[in-house]
Protein chains: 2
Amino acid sequence: MTRILGGGELSAAIRADVTARAGGLRESGVQPKLAVVTATDDESTAWYVRSIAKAATRTGIECQIVDLGATAVQNDVLSALVELSADSDVHGIILQTPLPDGVDVTSLRTAITPDKDVDGANPLSLGRLLANQPAFAPATAAAVMALLDHHEVPLRGRLASVVGRSVVVGTPVAHLLVQRDATVTVCHHHTVDLAASTRNADVVVVAVGVPGLVTAEHVADGAIVVDVGTTATDDGTLLGDVDAASVEGRAGGLTPVPGGVGPVTTALLLANTVTAATTLSTTTHRDAGVLVGAVAR
Amino acid sequence: MTRILGGGELSAAIRADVTARAGGLRESGVQPKLAVVTATDDESTAWYVRSIAKAATRTGIECQIVDLGATAVQNDVLSALVELSADSDVHGIILQTPLPDGVDVTSLRTAITPDKDVDGANPLSLGRLLANQPAFAPATAAAVMALLDHHEVPLRGRLASVVGRSVVVGTPVAHLLVQRDATVTVCHHHTVDLAASTRNADVVVVAVGVPGLVTAEHVADGAIVVDVGTTATDDGTLLGDVDAASVEGRAGGLTPVPGGVGPVTTALLLANTVTAATTLSTTTHRDAGVLVGAVAR
């Protein structure tokens with residue numbers, strides 16, 4: 001029997017905590033506020049952004065969607081990020097992808113001030129994370145770790161395989177697992193024998209966006225499998241990277257898609273926003289060298 | 001027969017290139033300059049810093065040793081780094097460890113401006129590296145990669161194990177190997193069965209500072225072993241992390257200690273200084289979002 005490691009309970013607990021903390025901030029005169037910058041007419045992105053906005057509102061966080069439209073150019077996005085970074089009413093900033101062709105998301109991420117970088121998108125946030133300094137981790141990576149902890153999956157000394165090396169998921173997850181004393185193997189599309197690199201692992205995290213990539217042959221008996229993949233089909237179904245039917249009975253536990261990492265990610269974005277609002281509202285002056293916005297990890 | 005993968009030839013080639021580029025800069029009126037900040041009376045550190053200074057001078061780079069003494073406090077070091085970061089005559093800054101007790105090196109590293117951060121010490125440099133943006137990599141990590149390339153060790157699709165997870169070596173080396181399409185396992189002192197995590201690898205990089213840790217049982221037949229360890233004994237001998245006698249005949253290649261990674265590291269610090277001088281002297285204005293100082297990789 002493969003245990004289903006859902007994210008609903010954890011997500012609800014985080015959101016309840018966020019609601020309480022947001023209430024406390026409002027009582028002290030601070031309205032926590034999240035800004036989401038978007039520049040696409042992709043419908044599934046619009047749906048996702050609205051779902052963040054709804055979740056924010058429900059927990060008492062104001063959410064401003066800055067829709068620059070699908071014709072936005074580099075400078076439009078840059079100006080928006082610089083303005084929001086400087087706006088003392090804004091505590092969290094998310095730059096939503098995809099962006100229009102010709103817009104370089106990597107350089108734009110450096111324009112999000114690290115103390116509002118609730119999705120850990122700025123390379124400085126990533127660098128701080130890797131230098132073991134306080135920083136917001138990319139929310140999806142943090143959600144993977146939170147989900148493993150919630151389901152009491154031991155990590156120290158265990159073998160973990162991360163499939164995928166993206167800047168937003170694979171790379172930070174691998175590092176967070178190393179920080180938690182797991183022995184970690186990073187696999188990607190140049191890995192010659194993927195199954196050989198995953199089937200000894202106690203924990204397998206898959207984040208590539210290839211539906212059904214991971215099957216029983218990739219998974220050790222009893223291994224915990226975290227599925228970060230979310231590929232949307234034409235009919236709106238979300239598909240994970242793990243073939244759930246194939247690993248059923250073999251994996252010890254599997255996070256479902258949807259309902260696993262996704263809702264925890266959203267909840268952590270809100271939690272980070274409240275943390276940022278708390279830090280920003282209690283800090284009158286910050287030196288360049290002072291680090292803000294520690295994420296729970 | 002285990003091939004000895006020395007760093008002398010590569011180091012000499014890099015230094016010859018540095019000498020030519022430094023000459024070109026001086027002809028255009030720019031004297032490339034490296035500053036090394038030190039605050040210790042540890043003799044082996046002083047020896048190392050002098051060796052960098054000598055190597056710099058020989059290639060036509062001015063080297064300023066800023067010796068703050070073993071009684072320096074946090075603010076002394078911070079002030080020195082801020083001053084050097086602002087000094088237009090300085091193009092490269094190294095913060096040498098160890099530092100006095102109570103001085104927090106991690107936060108000080110953020111005070112080194114990334115465009116002079118020739119040893120990739122600032123977390124922002126690390127973050128840029130991990131976000132696949134141009135940045136100076138930590139010189140030792142870059143030296144490992146340069147040495148592998150110099151000896152034509154293939155990496156794409158190969159299995160690599162990195163023993164050690166330090167911010168200055170293990171973590172960036174692991175990432176650089178992943179960037180070069182190797183499948184990479186990160187091991188450390190919580191790894192339960194180290195040999196199991198290294199003996200399938202085509203390339204093993206060891207950077208922990210435990211003399212003789214890696215023996216024949218850790219190494220696959222024909223594997224390439226890179227020894228980053230340099231532990232100084234009382235009589236001044238440098239000891240690597242690899243038991244060279246043990247792996248002899250089994251490993252396909254081994255970098256010696258001394259004479260392997262070390263001289264390449266020093267040469268790359270000088271190369272990065274000339275690169276920084278070139279970039280800084282040709283750039284009149286830099287936006288926050290503009291990235292400088294790409295390292296060859």
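Every residue, even glycine, has its Cβ placed from backbone N, Cα and C.
All annotation found in TrEMBL is predicted automatically rather than curated by experts.
Features reported for this protein in TrEMBL:
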| type | residues | note |
| --- | --- | --- |
| BINDING | A:G164, A:R165, A:S166, A:T230 | NADP(+) binding site |
| DOMAIN | A:6-119 | domain 'Tetrahydrofolate dehydrogenase/cyclohydrolase catalytic' |
| DOMAIN | A:138-278 | domain 'Tetrahydrofolate dehydrogenase/cyclohydrolase NAD(P)-binding' |
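Positions of TrEMBL features highlighted on the structure.
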residue: A:G164; record: NADP(+) binding site; Cβ within 10 Å: 24
residue: A:R165; record: NADP(+) binding site; Cβ within 10 Å: 26
residue: A:S166; record: NADP(+) binding site; Cβ within 10 Å: 17
residue: A:T230; record: NADP(+) binding site; Cβ within 10 Å: 21
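Here the binding-site residues are A:G164, A:R165, A:S166, A:T230, and the ones sitting under 8 angstroms from chain B, going by CB atoms, are A:R165.
In this structure the residues listed as binding NADP(+) are A:G164, A:R165, A:S166, A:T230; their two most distant Cα atoms lie 16 Å apart.
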